[in-house]
Amino acid sequence: MTNAIATVSLSGTLEDKLRAAAAAGFPAVEIFDTDFLASTLSPQGVRALLDELGLACVLYQPFRDLEGMPEPFRARAFERIRQKFQVMGELGCDRILLCSNCSPHSSGDRDRIVADLRELGDLAATYGVKVGYEALAWGLHVNDHRDAWEIVKAVDHPSIGILLDSFHSLARGIPSDSIRAIAPDKLFFVQLADAPLLDMNYLYWSRHFRSLPGQGGFDLTGYVAEILKLGYRGPLSLEIFNDRFRANSAEMVARDGMRSLDALRDAARRAIGAKPNMPARARIERIEFIEFAVGDGDRGAIEGLLRSAGCSLVGRHRTKAVELWRNGSANFVVNHETSGFAGSYQLSHGTSICAIGLVVADGAATMERACHLGIAMHASDIPTMPALRGVAGSLVYVLDIEASRTIWADEFDTVLPLVYAGPDVGVQAIDHVAATIPNDEYLSWQLYWRSLFDVDVQAQQDVIDPKGLVQSQAIQNASGSFRITLNTTDARDALASRFLSQSFGAGFQHIALRVGDMNAAATALSEHGLAKLPVPDNYFDDAEQRFALSDADAVTMRDNAVLIDEDGEGRRYRQLYSRAFAKTFFFEFVERSAGYDGYGAPNAAIRLAAQNRFRDPIVIG
Ligand SMILES: O=C(O)c1ccc(O)c(O)c1
Ligand SMILES: [Mg+2]
């Protein structure tokens, strides 16, 4: 059972697509009709390129509007498909996809459809070709794989089988256990695509929003589990129509495609009790630390920001120019080294967050799974803390629970505070980290987290920046002890875009620290001198009524610029933002009442408008 990808999923010319698929390690492709028609390569030229790249062409697709057509369309369709069969012979491809008919001329008469497909079967057999009949979700008469199967059964021809495409099945909410009805030898091909759960016309949803398995909201594990249980041994093939992918690097999408199929196959094998061939998705316990790479000129400003946020210096690295700062349970590694990883990260991105450290249930298994998924490692000089490449070349350090207990004492000398460090802000944990990512890498980083780690996603949020739309995807583990948000925009002047240009690429833009009591934390932060992000009075005038705030609450929230949200169950979330350091990253303090699982999305527009007021004036001239 091989991985395959349809050329329509990748950007560029047919040649670019085939080269990218091969470079990512795909052994097989589907050739999309338009990609072939638009190519200057002859069929023999394509065949030679496939051979050179070690690729098999396992499907030619699509062929449209053949069954149930009146004359003269019917005769023409049969002549056209005969020409396709000839081309396929030259390409070395023995399988073609026939979409269910969408033509307004077509008839839905079952006997006609069955008779036409049987005649097609006879023609296909003379060319040694097999035809997979696919129910398009928007097919005029056939739009459900259960119907397509009934038709294929009635056709009863060795050259006519069914082709399953997860988009068409799952977009319509067809139960995956219906696949059990299909005779295994009649399942000719399987195409896979995920998609975000949108309430949209099937055709538009399919042609623009499909994504790789693990980037959307469909239960593909359940779908593929049924296909494996059936005993299907053919290719699992990605067919992704996606506007972003059409503009992205074909190499990146192809590489992610392999990762997504490998992770999906693993999940489906587990679902049916088959022996897995890689460790399970890694369980994250928490974020143990955040590491800043700090340039010489920024040392004072970073120390000022950390102190104002209530952090204190608690350790000095034994051998490196690295400090450990702490705020309750949150650790900050402040790296001043000019060489090594942090030094080079600082050179290319400026003073910024260069790494996060995760505590996982099993470090060795995490690294082994990462290896199976083609996630790049970074040679770490601390053996108990291996590292993976993360967003924008930042690192994700992987710590066992045991390593997380010893790492600080092993590496750092304790610094006793000589002076009273000020009131405790009461930080209980790193609540979440927020990454800002260029649009073309947005889905790629979702796949990274979802394929390697045991995490789930929430519905994507659309957030309004005064200068454009920002999309935000929250990813978290089941207990909520690990949370990350991925944010992106197309709007060139939105805060997220300004961050991307200031920091020369993606990165972590803010860190949220969880406190037990926001009012107490806000008072402590004022004493530390935190520069809070001001929030307009209009917001509080509304919030007082909307959340029926007590007078005391209303006053402290207004005085401390604390935002508030509430979920459907009345569970609340309070947020306080710091001003940004050098227009790049900032802190958020949050109080999360038990069970509240969001991120204060309704307040994001208020926060972005407030931050927009602090942007540099545009200089003209
Ligand atoms: O959008 C389409 O027309 C189309 C074409 C071929 C397919 O396999 C498919 O799933 C959709
Ligand atoms: Mg399809």
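Just so it is clear, glycine is given a Cβ too, placed from its N, Cα and C backbone atoms.
If you look up TrEMBL, you'll see Glu134, Asp165, Gln191, Glu239 marked as divalent metal cation binding site. Less than 8 angstroms from the CB of Glu134 (divalent metal cation binding site) sit Pro62, Leu97, Leu98, Cys99, Ser100, Ala148, Ile162, Leu163, Leu164, Asp165, His168, Gln191, each of them six or more residues away in the same chain.
Annotated domain 'VOC' per TrEMBL: 429-562, in sequence order.
Residues or ranges marked as Mg(2+) binding site in TrEMBL: His432, His510, Glu588. In three-state terms derived from DSSP, His510 (Mg(2+) binding site) belongs to an extended strand segment. Sequence-distant neighbours of His510 (Mg(2+) binding site) (same chain, six or more apart, CB under 8 Å from its CB) are Val433, Ala434, Tyr577, Phe585, Phe586, Phe587, Glu588, listed in sequence order.
Take the binding-site residues Glu239, Glu588: by the count of other Cβ atoms within 10 Å of each Cβ, the lowest one is Glu588. A straight line from the CA of Glu239 (divalent metal cation binding site) to the CA of His432 (Mg(2+) binding site) spans 34 Å. Mean per-residue pLDDT, taken over the domain 'VOC' (429-562), amounts to 94. Taking a Cβ distance under 6 Å to any atom of ligand 1 as the criterion, the binding-site residues Asp165, His510, Glu588 reduce to Asp165. DSSP assignment over the domain 'VOC' (429-562) gives 53 helix, 43 strand, 38 coil.
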